[in-house]
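Enquirer: Just passing along the structure, written as structure tokens.
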Amino acid sequence: MSSIIRYPSFIKECDVIYETVETSLINELTPSGYLTIDLAALRRNYAQISNRVAPARAAGVVKANAYGLGARQVAAALLAEGCRDFFVAEFVEAVQLRPHLPPEARLFVLNGLQPGNEALCASINAIPVANSLLQLRRWRETATTLGRRLKVVIQFDTGMSRLGIAPEERGAVRAILEDAPLDVLFIMSHLACADEAAHPQNVQQLAEMQRAIADTQRTELSFANSGGVFLGSDYHGGLVRPGIALYGGAPTFGVPNPMEAVVRLEVAVVQTRRVPASTAIGYGASFLATGEMRLATIAAGYADGLPRTLSNRGAVYFEGTRLPIVGRVSMDSIIIDISALPEGALDLGSLVEVIGPNQSLDEVAHAAGTISYEILTSLGGRYRRRYV
Ligand SMILES: *Cc1c(COP(=O)(O)O)cnc(C)c1O
């Protein structure tokens, strides 16, 4: 419906003026939350992985707006650290990022192309991953129609059943590539269990990848995500594809995280109060005050990417003191128990730590019953983003 509504032109002009005013106002106001992104730590994480996998090269996976942290800013930092290979998931992300990368940087589209996007992809010099015979055939046709050679990456499924060409289709790949004006830069696959170092599926997928190499007679290979980087050099191929580890998330379960924290999230207090024993707290009255309690309400909720599953489970920190979340997480606010703090320690405008030195990204994710990836990519647009 909305796409057929035509606004009178004066409304459009007002919108433009309003948007300009809005942007400058936003930089003036006191925000109720700060998301700080440490680009120097990100660069050190990239360098650590680069060193670990050499002579293989390390790409940067910057899909989903660099896991919510800003694809342009992250890509610029990685470029400065020597990264020249970038992966997005969707073609729209490639269109947005390509102008901000130098011509020699390679930009790969993990999901490949939806029908109709092929010519534009060729014109902006992005490189699709062909995940199916159909995507590969269409890309071949595009190259033939344009009368020039095009680059491509071919993904094989080695045991995840998500994206990639199945083992029984490898013969068909050879037929499609015969005399095709395509340059296959490398073949790739994705590990389903790389964050569990001892999982037997890792070696099974590696063996399947080796059969794919033999069948296709290709030597250039990309296999490892963050977890795969830490599985050892058998998994590295020529190009590794870390995402979460660059952003400070733990690449492997159950061992100390070797990566540096990149994200810090602080949220402002909106109000504080004292309540007597048995007072109902939050939606659904899911928490009753266990005695006289002092509470603070902070200005972020599930609309800002702090999941409802943190209700009565998670915590925030103030100067090292743990402040439990009490009651349900609301859309725009969370109530915390501040009884452990001295009277008056917190008031309107005070900042509490949600992610930071006292509580890692992975700890927040664990408390919420999810993974660091989901927390990062959900962090909303209402925080003031600071790049340092
Ligand atoms: C997202 C993704 C990655 C990066 O994964 P991390 O676990 O974040 O390192 C690598 N390869 C593919 C195909 C992906 O979809």
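For all residues, glycine too, the Cβ spot is worked out from N, Cα and C.
From TrEMBL, for reference:
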type: MOD_RES; residues: LYS63; note: N6-(pyridoxal phosphate)lysine
type: ACT_SITE; residues: LYS63; note: active site, proton acceptor
type: BINDING; residues: ARG162, MET331; note: substrate binding site
type: DOMAIN; residues: 262-388; note: domain 'Alanine racemase C-terminal'
type: ACT_SITE; residues: TYR283; note: active site, proton acceptor
Enquirer: Taking Cα atoms as reference points, rank the recorded positions LYS63, ARG162, MET331 by distance from TYR283 (active site, proton acceptor) and give the first.
Expert: MET331
Enquirer: In terms of DSSP three-state secondary structure, what is the assignment for ARG162 (substrate binding site)?
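Expert: Looking at the DSSP assignment, ARG162 (substrate binding site) belongs to neither helix nor strand, so coil.
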Enquirer: In whole Å, how far does the CA atom of ARG162 (substrate binding site) lie from that of LYS63 (N6-(pyridoxal phosphate)lysine)?
Expert: 17
Enquirer: Report the member of LYS63, ARG162 (the recorded positions) whose C-beta atom has the most other C-beta atoms within 10 angstroms.
Expert: LYS63
Enquirer: Look up the residue listed as 'N6-(pyridoxal phosphate)lysine' in the DSSP assignment and report helix, strand or coil.
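Expert: SS state of the residue listed as 'N6-(pyridoxal phosphate)lysine' = helix.
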Enquirer: Which residues does MET331 (substrate binding site) neighbour through Cβ under 8 Å, counting only same-chain ones at least six apart?
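Expert: Looking at Cβ-Cβ distances below 8 Å from MET331 (substrate binding site), excluding near sequence neighbours, one finds GLY301, TYR302, ALA303.
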Enquirer: With DSSP as the yardstick, break the domain 'Alanine racemase C-terminal' (262-388) down into helix, strand and coil residue counts.
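Expert: Tallied per class, the domain 'Alanine racemase C-terminal' (262-388) gives 23 helix, 47 strand, 57 coil.
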Enquirer: Validating a neighbour-count step here. Other CB atoms within 10 A of the CB of TYR283 (active site, proton acceptor): how many?
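Expert: By my count, 14.
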